[in-house]
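These features come from Swiss-Prot:
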| type | residues | note |
| --- | --- | --- |
| BINDING | 150, 151, 152, 153, 154, 155, 156, 157 | ADP binding site |
């Protein structure tokens, strides 16, 4: 039976999930997880406690409980459950208070709330990424922080959206298609913004597998076509001196981090 995991917060639970996933990824096990955000009242906390206790009674194993709860009274209720508690905020806050000589003054949603100056940057960047996805328009390339290039289904769209959501980076993306292969070159709008260009490539066999799941037994998904497109686009990257990385078997988080590392782009959030 897969170990049970709870991610709990009086906010979005993003912090609890990120830290929890980072810790649990060190173990070669499959986990069954439940995320419970916005536990902002005593009644909600008591309900979560019942869920944790019911899980313990049903399985006979104490579930893992990762939480980032600001309010002490909410946190105390979770502490009193039958779960194994991993409290990220308290783990780091107490030592920091001692080191900084300042008492923490917790404010709910300070990190992810609208009052945060990064909120508007996030929304603007997300809208930009969606409006400039997959070469829909070339009118706004001058406003982009980054323009991702590559063949269809190599990871451009998820990478653009992740960069916008996590870091407030305005990322456009442009695909090179089968029709481009006979005379592959950069459109004028991309040439004008060459310093913003960054390429993504992928192993042709993996690309074939991805495309097969979308358009099985088509020319678009054939291994021959995948090999041709990847080869031609990589040659163009080298010819135009466009930096690029291989996305094969990498998560979108890893791809985004590599892009930031290579380009030196500054995060607009955090």
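Placed from the backbone N, Cα and C atoms, the Cβ positions cover glycine too.
All protein chains considered, the CB of residue 152 (ADP binding site) has 18 other CB atoms within 10 Å. Over all protein chains present, the Cβ of residue 150 (ADP binding site) has 27 other Cβ atoms lying within 10 Å. DSSP classifies residue 156 (ADP binding site) as helix under the three-state reduction. Residue 155 (ADP binding site): 24 other CB atoms within 10 A of its CB, across all protein chains. If you draw a 10 Å sphere around the CB of residue 156 (ADP binding site), it holds 27 other CB atoms from the protein chains shown.
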